[in-house]
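Visitor: Annotations for this protein, taken from Swiss-Prot, read as follows:
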MOD_RES   S73  phosphoserine
MOD_RES   S74  phosphoserine
MOD_RES   T92  phosphothreonine
MOD_RES   S95  phosphoserine
MOD_RES   S106  phosphoserine
MOD_RES   S109  phosphoserine
MOD_RES   T110  phosphothreonine
MOD_RES   S115  phosphoserine
MOD_RES   S129  phosphoserine
CROSSLNK  K138  SUMO2 cross-link
MOD_RES   S139  phosphoserine
COILED    144-217  coiled coil
MOD_RES   T231  phosphothreonine
COILED    245-423  coiled coil
MOD_RES   S261  phosphoserine
REGION    392-413  region 'Disordered'
COILED    461-798  coiled coil
REGION    537-701  region 'Interaction with BBOF1'
MOD_RES   S632  phosphoserine
Amino acid sequence: MSASSSGGSPRFPSCGKNGVTSLTQKKVLRAPCGAPSVTVTKSHKRGMKGDTVNVRRSVRVKTKVPWMPPGKSSARPVGCKWENPPHCLEITPPSSEKLVSVMRLSDLSTEDDDSGHCKMNRYDKKIDSLMNAVGCLKSEVKMQKGERQMAKRFLEERKEELEEVAHELAETEHENTVLRHNIERMKEEKDFTILQKKHLQQEKECLMSKLVEAEMDGAAAAKQVMALKDTIGKLKTEKQMTCTDINTLTRQKELLLQKLSTFEETNRTLRDLLREQHCKEDSERLMEQQGALLKRLAEADSEKARLLLLLQDKDKEVEELLQEIQCEKAQAKTASELSKSMESMRGHLQAQLRSKEAENSRLCMQIKNLERSGNQHKAEVEAIMEQLKELKQKGDRDKESLKKAIRAQKERAEKSEEYAEQLHVQLADKDLYVAEALSTLESWRSRYNQVVKEKGDLELEIIVLNDRVTDLVNQQQTLEEKMREDRDSLVERLHRQTAEYSAFKLENERLKASFAPMEDKLNQAHLEVQQLKASVKNYEGMIDNYKSQVMKTRLEADEVAAQLERCDKENKILKDEMNKEIEAARRQFQSQLADLQQLPDILKITEAKLAECQDQLQGYERKNIDLTAIISDLRSRIEHQGDKLEMAREKHQASQKENKQLSLKVDELERKLEATSAQNIEFLQVIAKREEAIHQSQLRLEEKTRECGTLARQLESAIEDARRQVEQTKEHALSKERAAQNKILDLETQLSRTKTELSQLRRSRDDADRRYQSRLQDLKDRLEQSESTNRSMQNYVQFLKSSYANVFGDGPYSTFLTSSPIRSRSPPA
């Protein structure tokens, strides 16, 4: 009865102070009926990133017996018989082969560990693939950074080229403006020269008309002189002056005087015209100088304003280029920050994924351990139930044997009945313990279900996070593709602009090449104009000479007129004298008709006087001939000047034609300049469109950065939620583990109480059953055998401890093994 009762009370060793256990492996040693059963459970967990090792070991021994070294048996005989006629109680100890055969190395199989290792290998492969993907992404990011740097360098080179192009365009615009001003000056000078030529032509026509009038007057005076000459010649031939001759002389004299007066008037008008011409020329020169100075001042002001505008435009362009460079730098910084944040987010997410996978693996291992512990609890409950059944059967047998053997000892029977009642109470306690174990099993099942649910939630969160990561990666790829497209479009635009700039360069070179002969022609035209001006000046000098000659001729004509007046006066005097002489001669002829001898003297005197008059007439004729020669020289000179004027007109017409050709070329150049200005406007429009596209791309980048920021915030919030959930699950698991530890402690207290009760029962049994020492000796032998098995198990456990200590090293597991209650147990004295 005592053996059965001692076999029916299993022992639960107290756990260590660290208390957190996880069951992974199980070893149950069963003996036949009456043999002690030892259940050894042990676990280990291979954690990731500093996870602790949790081990629970429980050795259940029925009774406490003296220590016996392993491999030795008791000194007493194997079989002990207690004979009492007419009954015989035979006790056979269990064979060591059965005990040893129960414990096998196959029970220490690591199939679950292999499956866990497979999962861990899979996770490692996944992590390696993720790390490879991260490495690829990093390399891509580096390549993108290199491409961005190359693009930046290319853009800077293109900017420098654009600045050079802008500088050259400014130079070409300046040259074009200078050409325009020169062409305008040429046009103005041309118009001014045309007006001058028209005015000179009008003045020339006026002078020519006045000269023609003067020539006509001179010719009329010459005719009158010739008429006087003829009349004087007639008078010579006739030698007698009639009234008609006198009248003709007087008439010719009057006509000559009229012609001379008209000649004087024409000379005066010519002098007035020449004076007016000189005054006009002086005033025109002054006006031209004043207009040229005003034009120069206006041109200087316009050049100053244009240069100021160009400086302002260049400053604006420089500011715009600086703003573009700053925007591109900000974009590069934002892109680098985005790439860095994406890399950090990737690393953070990968670390979180690894931690989640490690936690999932740990939770799976914990779930498996819980399942194993549940199965162990079930097996333990079944073993306890079987032991209870065996104990009941054994108790019934013992009762029957004791009733048959000890009928006389009623007191012992009553005591045994009381003991049986106590055993029934213990059985009830065991039933309660089984119920509690079942409740704990149900709680573990609920916990397992909750853990499975949490695992599913975590997997869903991981899937969502992976989707977000893929979305972010896709968004980054789309952004990079857009940036590449924008960069390609900018490069294409730059190529187009360079091609257009080269075309502009060629056109400018062609225009310059065409401008050189135009400049030569313009210089030739200027030289011709200067030659014309010099010829005009020469003509003016000639006109001055002619004026001086005309003045001389006027003076000579005045002298001739004075001489003619003198001659007229002398003629009048002579006529009067002749009349007087004729009258005197008549009177003398009448008075001295008789004096015929005096007539030849008078004739000689008259002949001498006539000879003198003829000499005077010849002198006058000579003077008239000289005057006619002078007039013919003047006519020849005027004709020569007319030829020169015609040559000048022809040259002027040729210069006008050349000026027309030059104006046509200038118009073509102006058209080309207008085309270039239109192309410049188109370039400005293209640049404005490019700036608008850049601004739109900047806005898109800002939107994408905002979206990335919102996504990063969402990721951070999701990660924080996952962390909170994981912490909550950890806290929940810790609380459950603490509750389990508390329950284990309660069970240990109950076991200690049962142990104390058993010790009291043993004392009472020893005090009451001293007579049954033989049976007690048998029981002691059996207990020694069980103790030997326990010691062998302890040695095996010690071997396992040393092996696990060698495997796991120093740590909480070794401290737990050293603090195990099995080692501290000492054999009874």
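Note that Cβ sites are derived from N, Cα and C of the backbone, with glycine treated the same way.
Give me the lay of the land around each of these features.
Guide: In the three-state DSSP reading, S129 (phosphoserine) counts as helix.
Around K138 (SUMO2 cross-link), the C-beta neighbours below 8 angstroms that are at least 6 residues distant in the chain are E343.
The Cβ of S139 (phosphoserine) lies under 8 Å from the Cβ of no residue that sits 6+ residues away along the same chain.
T231 (phosphothreonine) falls within a helix when secondary structure is assigned with DSSP.
DSSP classifies S261 (phosphoserine) as helix under the three-state reduction. Sequence-distant neighbours of S261 (phosphoserine) (same chain, 6+ residues apart, CB-CB distance under 8 A): none.
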Visitor: Identify, in sequence order, the residues in the chain of S129 (phosphoserine) that are 6 or more apart from it along the sequence and have a CB within less than 8 Å of its CB; answer 'none' if there are none.
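Guide: Non-local contacts for S129 (phosphoserine): none found.
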Visitor: Among the modified residues listed here (T231, S632), identify the one with the smallest other-Cβ count within 10 Å.
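Guide: Taking T231, S632 as the modified residues, the minimal 10 Å Cβ count falls on S632.
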Visitor: What whole-number Å value do you get for the CA-CA distance of T231 (phosphothreonine) and S632 (phosphoserine)?
Guide: 24
Visitor: Over the region 'Interaction with BBOF1' (537-701), what does the predicted model average in pLDDT?
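Guide: That region's mean pLDDT is 72.
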